[in-house]
Ligand SMILES: Nc1ncnc2c1ncn2[C@@H]1O[C@H](COP(=O)(O)OP(=O)(O)OP(=O)(O)O)[C@@H](O)[C@H]1O
């Protein structure tokens, strides 16, 4: 036995040595390329010293190319070679531009009748493609067509692949190799010897690794059904559904990298990835840079999508479910339309005599500014007083508002109609009959009236420029909100909504909830931003190189800052990826839809994990956002996260939440059953803490403790002393995340928290990669084994 082990070890060492040799060649080639790039840089700087405009432009172009080159090489130097495939001869013997055979199928005579065959081609796969100096492929980019068999080949449909190898390396050192045989029936020969096979495949090794607080890429172990989605043509809308842990988020991010590789020019318009929470954004942020992509892709939480919520974190507070339900509903659109117009009028108007008086000339003192909307406009023109009374002002307002244009953009029209009305009453009007003289008089009337501070003050008060935040703040007034929401929301809804907005001051400053953000974004559209002339920039010769800034990331800017800046500059994207799409409310769909009106889309989600109470309403909003574009649908069926023992328990909740819905198949089993800990409510804190502490000794990575939303703060206190490996999460925050072990506290509390509570509980139960403990309180009615009522057969 020992002799056999030693033989396996020496074979493994030999194969590691083979791959090491290849990696050395690759590094050698990369170093040559870096030298070339550095030479280009220096050469370019020298040319710049010539000083002629032509030489300057040439220098800039060279610096640009060399910079891009260096940036890519430096980024992708670490651990970028990860795979290898050994293939049979291709059917027609044709080769593509990268030197690889193009045919997926083997040649008819590739396999001899005695089941022996020769390896005709070996390809190494990595994060970028590297060509040798004679243009032979040393590494094939994982996104290139020639790399597809690495992902697509299965023992059932092997194509030309005989052996698939995953190479584990760190920096310049190969640490290990794991092989999968796709054609185990063959005796294949390579370089005069039999093709060796090491290990039992890389997937299980990858799945068994401890988790950290950031997601890893899966580039070396993408599975065939996932690869179909990643490489699906970017036509219209690609919809991907699949249960928990099927790799939807991973696939969506790899797809972004693939699309950029396929058509960088097309996606220069940017790719937006919409995530449900800032926690998931932080968790996934490293994946794209590890795939060699950054900058072009903005990953944003839905709570920080609108400029109105701009800031590092955006909105992170959650409304109670009944309020969230109102704010997310598409009925809010009708309320907001009314509010955007109604908010022009501010309550608390002063008596008419003090309101908005205007002196034309110097005869009268400037009036005091009113607190509310002025109800009278008075000017003195051509020696006579001209007034517009409340009813006339109202008529003008109604007239201006009769269209659908954004309110702030209507201000010039309001101003014009005010001047028309004043003019029609002024003595100047009847003074002349000659049309030319009348026109001249009118124009000097307009100029004089409209540039006087008091008129401007009146206009500012009577037709103020509204900000979305200010309008939202006016909705905290229950009486006014009730008027705008008549026949749209019921009284209870109005009361709850108004109360939730009392957090904001009169200008709308204050903490925003996640659901407020979509309301602000809608208001932004309803109000419009008045055009303001931009300050002219000084001429910069670098501007002539279009795309320079876009393509050459600056060293001092982090990936996060860059994505933020680009996102802030963009209002629309070329491709929009929506992760956890089942959670977007109708109002959020409208917000996301505005960012992809001309985009192609990838929408991934799982209806069984939806925390939105009215799936039909959300589906209608989603259809509206995606328009009539054709859709391609994919389903992922294998759960790579949860061991079978945990998946089985979660399936019980799925049966309650969505009867008839199928669970994905768990790909592995650990033999460790979920634990149940019944507890008296008063002992909850101690038990949860003790359980988290126990799990710290059981698993190497992270531990997530999931509680009902209203216990969040409490749970953080319980666990404060346990260090960074333990994280306390509200049920809605657990979305998309995963931990080595999880403690789910009181399933009944989580399920009772909202109408979608059972689906939220399903999410909570499917976060662990190794171990799960369910702590049941009194409300969970645990049986003798501690199993709560909701999780029994
Ligand atoms: N082909 C793969 N190779 C290795 N690991 C994988 C593979 N596919 C998925 N995984 C891992 O499985 C876990 C779940 O993936 P991911 O979070 O993308 O699933 P999901 O479908 O988005 O889950 P959920 O719906 O629960 O949020 C991750 O740790 C991911 O790295």
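Heads up, residue numbers simply count up from 1 along the chain you see.
Placement of Cβ uses the backbone N, Cα and C atoms for every residue, glycine included.
Copied over from TrEMBL, here are the features:
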{"type": "DOMAIN", "residues": "221-643", "note": "domain 'UvrD-like helicase ATP-binding'"}
{"type": "BINDING", "residues": "242, 243, 244, 245, 246, 247, 248, 249", "note": "ATP binding site"}
{"type": "REGION", "residues": "343-374", "note": "region 'Disordered'"}
Once near-sequence residues are set aside, which residues in the chain of residue 247 (ATP binding site), 6 or more away, have Cβ atoms under 8 Å from its Cβ? 218, 223, 226, 636, 638, 640
Going through the binding-site residues 243, 244, 245 in sequence order, which have a CB under 6 Å from an atom of ligand 1? 244, 245
Any same-chain residues 6+ apart from residue 242 (ATP binding site) with CB under 8 Å of its CB? Would you list them in sequence order, or say none? 248, 604, 606, 635, 636, 637, 664
Rank the binding-site residues 246, 249 by how many other Cβ atoms lie within 10 Å of each Cβ and give me the one with the fewest. 249
Residue 242 (ATP binding site): secondary structure state under DSSP, collapsed to three categories: strand
Near ATP: residues not in 242, 243, 244, 245, 246, 247, 248, 249 with Cβ within 8 Å of the site Cβ centroid are 606, 636, 639, 640, 641, 664
Looking only at the domain 'UvrD-like helicase ATP-binding' (221-643), report the model's average pLDDT. 82
Is it possible to get the count of other C-beta atoms within 10 angstroms of the C-beta of residue 245 (ATP binding site)? 27
Helix, strand or coil by DSSP: which one applies to residue 248 (ATP binding site)? helix
Binding-site residues: 243, 244 - member with fewest neighbouring CB atoms within 10 Å: 244
